[in-house]
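J.: Below is a structure I'd like to ask you about.
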Amino acid sequence: MKIAVYGKGGIGKSTTSCNISVALARRGQKVLQIGCDPKHDSTFTLTGFLIPTIIDTLQSKDYHYEDIWPEDVIHKGYGGVDCVEAGGPPAGAGCGGYVVGETVKLLKELNAFYEYDIILFDVLGDVVCGGFAAPLNYADYCVIITDNGFDALFAANRITASIREKARTHPLRLAGLVGNRTSRRDLINKYVEACPMPVIEVLPIIEDIRVSRVKGKTLFEMVGFEPSLNYVCNYYLGIADQILSQPEGIVPKEIPDRELFSLLSDLYLNPIGGGGQKKKNQENLLGFTRI
């Protein structure tokens, strides 16, 4: 099974992806996580350091695939999860989709692409071109990470459009949304009412999740010396169980941009309450922070 994880930049995709990968490994799956971001930090919480990228390795070998061994590009992470970082082209040049294609090509050359029960692609930011949508060419399911803010749901809607387009020629389905760092879910509920799709899980705001990223550890590793965090791991195990159930999934139909803006801004402009609290609610509903 191949899963592509998308979502707005900074929403917590990599942290979520790493914890889902460990959860899947805990369920007995052989897992490979592929980071698809020029920052090459997708697998940081699994390995504790920035591993060399596929592109760096190819360049060092003058793109001679026959000179590359699996251990040159596949690194062992926490919980037995194997890790690969695709890397990216130089800033302002090249195409991210090409890099993903080269990564898959190399893994196939190494006879590694089909050795895993689960391959999870952790993909950068919003879908803004066909190149960034390239991992969807290989995925069976897409999982969208969001929060209860306008920007994250707007990005989710763009990703939804890309899934619909790719599903015309590939056996791709949307598994559902995962809410991250979400103290309330009124905008999420409003969105999925208008654009029906499953909500796999909604994680509340948990400071230890953010701290785990800074420490370079998954929640599963942290729970070894902080047992009180076990309840957080259960969220990710629940997500893993839903993925392993091989859900039917859906081919979603995105909402037109103007309609989505009107839908979500209506709740922003007409919150319940008044006075200073009303103004504060308006800022929070759209994910804005006044500085």
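For all residues, glycine too, the Cβ spot is worked out from N, Cα and C.
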J.: Per Swiss-Prot, which of K39, K61, K76 sits in the ATP site along with G10, I11, G12, K13, S14, T15, N180, R181?
T.: K39
J.: Could you tell me which of these binding-site residues, G10, G12, has the greatest number of Cβ atoms within 10 Å of its own Cβ?
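T.: The largest 10 Å Cβ neighbour count belongs to G12.
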J.: What Cα-Cα separation, expressed in whole Å, is found between G10 (ATP binding site) and C95 ([4Fe-4S] cluster binding site)?
T.: 21
J.: Among G10, I11, G12, K13, S14, T15, K39, N180, R181, the annotated ATP contacts, find the widest CA pair distance and round it to a whole Å.
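T.: Farthest Cα pair among residues binding ATP: 22 Å.
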J.: Tell me the Cβ contacts of R181 (ATP binding site) under 8 Å, same chain only and six or more apart in sequence, or just say none.
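T.: In sequence order, the residues whose Cβ lies under 8 Å from that of R181 (ATP binding site) (at least 6 apart) are I11, G12, D147, L203, P204, I205, I206, I209, R210.
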J.: What is the interatomic distance between the Cα atoms of S14 (ATP binding site) and C95 ([4Fe-4S] cluster binding site), given in whole Å?
T.: 21
